[in-house]
Amino acid sequence: MRIPKRPVSFCLSLFSPEFPRPLDSRISFYSGFHYKTPNFSFAKPKQIHSTGVNQLHTSYMMDKGQKAVLGDKRLSSEPMESSDGVQEPCIWSSPEGGKDEAELGKQIFCNRSLNMRNIIAVGFDMDYTLAQYKPETFEKLAYEGTIEKLVSNLGYPEELLGWTFNWKYMVRGLVVDKKRGNILKMDRHKYVKVAYHGFRELTKEEKVGSYGNTLIRDAFDEPDYALIDTLFSLAEAYLFAQLVDFMDNNPGRVPAKVDYARMYKDVRSAVDMCHRDGTLKQMVAKDPIKYINEDKSIVPLLKMLRDSRRATFLVTNSLWDYTNIVMNFLCESRTLDACNFDWLQYFDVVITGSAKPGFFHEESNANLFEVEPESGKLINTDNGTPMAQVGNTSPSITLKKQIECCRVFQGGTVRHLHKLLSIESSSQVLYVGDHIYGDILRSKKILGWRTMLVVPELETEVKLLWELRDSRKALQLMRSDRDHIEDQIHRLRWSLDFEDLNADQKQEKSALVEDLELQRNQVRIKHQQTQRECHQNFHKVWGQLMKTGYQNSRFAHQVERFACLYTSQVSNLSLYSPNKYYRPGEDFMPHEFNILPM
């Protein structure tokens, strides 16, 4: 799938059904000029699953060998093949790159203007940013480990060990109501639009009864609520829903005095146990390719950034041993069965065990330790300067002077990072992460860093948006028709109530009202059915990730507020010039839609 060669800026509301009725059957995108959709032709996905979970490397890849068509020019969606027969990623800085626009699913979308010429340092998170985990294996591993801890450590029934994990069921952007045992999806105004108790959908009356109060809508935060805002959280949310159903249907089978809130706390404790005992990381270390998606564009991206004279850094909550294993896999630095440290050449500074989001608080007093890569030992530092140990006058680390350029640390704060990279202004930093709160919100709101959010689900989302464009136009027309019919009903009722009419006139207008009410009900039912079917194409339960009905979802609202840029994969940066000026599309208010040409 390709976008037009003329640049079109996209925003979260691009495909909103609230755009006015088009003048013809074509969709018009607005980015400062009138643009008519070209004759696109996309490869049909191999298999469509209605889920918002990360399936970018499985079900939604284009058929191998397929081409995307732009007018009468065919553009290959496959990477270039080198002279030795090995397929290489086509990046912007390569001879073949930069000639055509990126595929729509790999485009970088802009919320706030960002001139890359002003960026002197680009930083990355690792887990679910540089390293994209496979949910069908990695999240299943986490799920099974959590159940084992619930049974063996927290006294839950052994029959839980026979449960299975549906990795496609949960999506990001949901909220767990710990006290009621509900899982919610809400819009940007915090109105609950979809709600389930366990796996039972709540009725409209139940939703209004629990969440219809405007004072409640202002909350939805800890300690009574939990946010499912990372891909790491999907397995625990699914397990919590299973436990809610189990407790409702099997009273007395869970440990004594356990309610919904305590049950969620137990799930969180079990998840933490799995991470603390190292079981998950040991399994990943044994067979990384089973749990992590390969991305051959990571190294070319890092090389391009460094060639453009920008500093690069890594800030991750993972500790050094695990970080080294994952980065070796991503950068293809493994030699036989052993890891080496070649990947460090792509970074100026690596900070492990950063304890984000606390890392972003400048007032934090966390100590910074330098890591000796070969042994993993920690060396005391004074703001990054190694300190000699008692009886030792040589505090420096060997390993070829840390690969000549990169230094590895653990802990510390953003103050240390700025000093190590000689950063004078926070606005000179672009940080790329996947966690809307741990990575993006804190770094943006507290520091003023520029931010890019990785949203793997986006690649699937925009492809489905294109495929469903006719359905969304039909919804737009039905909504307009319904408004027009209701306006006629209101006019006739006003006439019946307040105008001096004779008996025949009243009978005639009353009959018209009945006919119009019948039409309105038919349009309303058809509209609701079509809208539900449209959303179910994205996910059978939760619908479109970025929408709830006609409103942006709560997740989309957070993306819009805190991410300067957002995209489906970190390697999409390699498809653009490192000096690109990213510009957003124009914002529109409702009063502008029917006035300005679209």
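Note that the numbers count up from 1, one per residue, in the order the chain is shown.
Using N, Cα and C of the backbone, Cβ positions are placed for all residues, glycine too.
In TrEMBL this protein carries:
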ACT_SITE  ASP125  active site, nucleophile
ACT_SITE  ASP127  active site, proton donor
BINDING   ASP125, ASP434  Mg(2+) binding site
BINDING   ASP127  GMP binding site
COILED    502-533  coiled coil
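Regional average pLDDT for the coiled coil (502-533) in the model is 92.
Sequence-distant contacts of the coiled coil (502-533), counting only residues of its own chain at least 6 positions beyond either end whose CB sits under 8 Å from a CB of the stretch, comprise 471, 474-475, 478-479, 481-482, 485-486, 488-489, 492-493, 495-496, 549. Using a 10 Å radius centred on the Cβ of ASP127 (active site, proton donor) and all shown protein chains, the other Cβ atoms total 22.
There are 25 other Cβ atoms within 10 Å of the Cβ belonging to ASP434 (Mg(2+) binding site). All protein chains considered, the CB of ASP125 (active site, nucleophile) has 26 other CB atoms within 10 Å. Across the structure, ASP125 (active site, nucleophile) and ASP434 (Mg(2+) binding site) place their CA atoms 8 angstrom apart. Here ASP434 (Mg(2+) binding site) is positioned 8 angstrom away from ASP127 (active site, proton donor), judged by their C-alpha atoms.
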